[in-house]
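The domain 'G-protein coupled receptors family 1 profile' annotation in TrEMBL covers 42-293. Annotated transmembrane segment per TrEMBL: 27-50, 62-88, 100-121, 142-164, 197-222, 243-264, 276-295, in sequence order.
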């Protein structure tokens, strides 16, 4: 490897696919292609339906549009390097390109976490204050929330690439995945990484960690409100509007927490487990979210059926 004499940075990193299954990468790429295709088509379909259906122009579906855009961004961030590695064994990624990919992956992950929190807040207002819901979450308010979410992600993660660029790297420059992830790059340094570890943990806990806590609190308040409703039918109807969101929260947060724990504390975890959790975190939520909302949301489902009937006619 060629090193920059002033910063001691590698010219590139080497990415890894599925450890121990390198010979099967072309076959393994088939389910990955199916997941990527599902994510791309599914999220584009969600955006198209919401844009074309006037009755879906309300806060819940505006936030769902934000979620779909974020999922599309995550897919487009990882698809080129993952399929390039599986199909053509393109393992090399430039140092600056790796930092850029890492920055956008983390920004989009933080944005997705914040959007899920905004959706939980929307469900709480819709159930506890149904008459005031339209006046509280106006289109202007939703737009401001969206801008605040994006700015929070961009600003909080801005120091990360610079903290990585100041480090000295040596030894084998192999990443654990087919994409760039902050703890993965950080652990390749042969310098003191305490600042990186501390800043990464603080940012993770103060953003994604706080989002998760507030989502849980929102659902505690939602359950208290639902319990106070007069009839069992009303309770079930109120809770049914939250099922899709609960599924999206679980699909996103469980693998994300698992991957963060593995990178920071799981030194003895088999590489295959680490890899599978990473792919689950970055590929499964974008593919499953449109499926979940298409199945569980009657409004999305009806709009989709109307669109299909219109095209077939």
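Backbone N, Cα and C atoms are what each Cβ position is placed from, and that goes for glycine too.
Whatever TrEMBL says is automated annotation, not expert-curated.
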Who are the chain neighbours of the transmembrane segment (62-88) in space, where the CB to CB distance is under 8 Å and they lie at least 6 residues beyond its ends?
15, 17, 25-26, 28-29, 32-33, 36, 39-40, 43-44, 46-47, 50-51, 101, 104-105, 108-109, 111-112, 115-116, 118-119, 122, 139, 142, 146, 149, 178-179, 248, 282-283, 285-286, 289-290, 293
Are there residues at least six beyond either end of the transmembrane segment (243-264) with Cβ under 8 Å to its Cβ atoms? List them, or say none.
67, 109, 112-113, 116, 119-120, 123, 181, 183-184, 187, 197, 201, 204, 208, 212, 215, 219, 273-274, 277-278, 280-281, 284-285, 288-289, 292-293, 296-297
When counting C-beta pairs under 8 angstroms to the transmembrane segment (276-295), the leading stretch of 27-50, 100-121, 197-222 is 27-50
Non-local residues, at least 6 beyond the ends, that sit with Cβ under 8 Å of the transmembrane segment (142-164)
59, 62-63, 66, 99-100, 102-103, 106-108, 110-111, 114-115, 118, 182, 185-186, 189, 195-196, 199-200, 203, 206-207
